[in-house]
Amino acid sequence: MPELPEVEVVRRGLERWAAHRTVADVEVLHPRAVRRHVAGPDDFAHRLKDHRIGTPSRRGKYLWLPLEDTDQAVLAHLGMSGQLLVQPHETPAEKHLRIRVRFADALGTELRFVDQRTFGGLSLHDTSADGLPDVIAHIARDPLDPLFDDEAFHHALRRKRTTIKRALLDQSLISGVGNIYADEALWRARLHYERPTATLTRPRTTELLGHVRDVMNAALAVGGTSFDSLYVNVNGESGYFDRSLDAYGREGMPCRRCATPMRRRPWMNRSSYFCPKCQRPPRVTP
């Protein structure tokens, strides 16, 4: 599933190619793609028609397109395989094309939502005074947000009584961090994924947040992480941060710091990758 860097890459592409364009018509080709829009496909298409798309926004992994002169926005949920592509009109339809948005201008391109597994979708929602769709009001700010409160995050960690990787994936504490970037940041910080959050000092939390931001910015610089053709930017291009990963997916390969073979352990229906020497597991108290 795309994490913050991948979603931000898409947001930037939409800002360049779709923002400030007026919707001429919308074609919903698969009803599941708008299942979160409870009024149905026809209502979704009708409500977008003739509206101008504002500057795309993002919080964590959530991306939305505000409709100018309204208090509503189109929320994009990419799921496991969703893609927002800006394509020339004449480009043949993708096999898993679900929604097509045509614009009332002569630029010759349209916005397409393509989703192989149909776990994602688009939906229209009311927004708050600060432009946030109401359905994601509970989502915390992400670490690249200038208003993210490092001090409040540290205190929340200390109160949470959980482990550090669980906390990094808790969208009510910090958004945008998924399995890949959690493993990468923890490796950089030399923290084991099962380290209790109550044991983190303020300097350790500061260091960890610095690594989270560094790894995300590094991924952003190269278009995000693509392990297959399902994650692409709006022009259909893959990112290549997977070439720079230090932890994720490197089971059995030498740690880039100490050369100890990296390990993988099952974790919450996922996997955690770590160095057994650099990232010592917490001591178990009898």
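Using the three backbone atoms N, Cα and C, a Cβ is placed for every residue, glycine included.
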Per Swiss-Prot, member of HIS89, HIS96, HIS192 binding DNA alongside ARG117, LYS160:
HIS96
To which of the residue ranges 211-245, 246-280 does Swiss-Prot assign the term zinc finger?
246-280
What is the nearest of the active-site residues PRO2, GLU3, LYS61 to HIS96 (DNA binding site), using the Cα of each?
PRO2
Among HIS96, ARG117, LYS160, which the record lists as binding DNA, how far apart in Å are the two most distant Cα atoms?
41
Which residue among the recorded positions LYS61, ARG117, ARG270 has the fewest other Cβ atoms within 10 Å of its Cβ, if you could check?
ARG117
Integer Cα-Cα distance in angstrom, ARG117 (DNA binding site) to ARG270 (active site, proton donor):
19
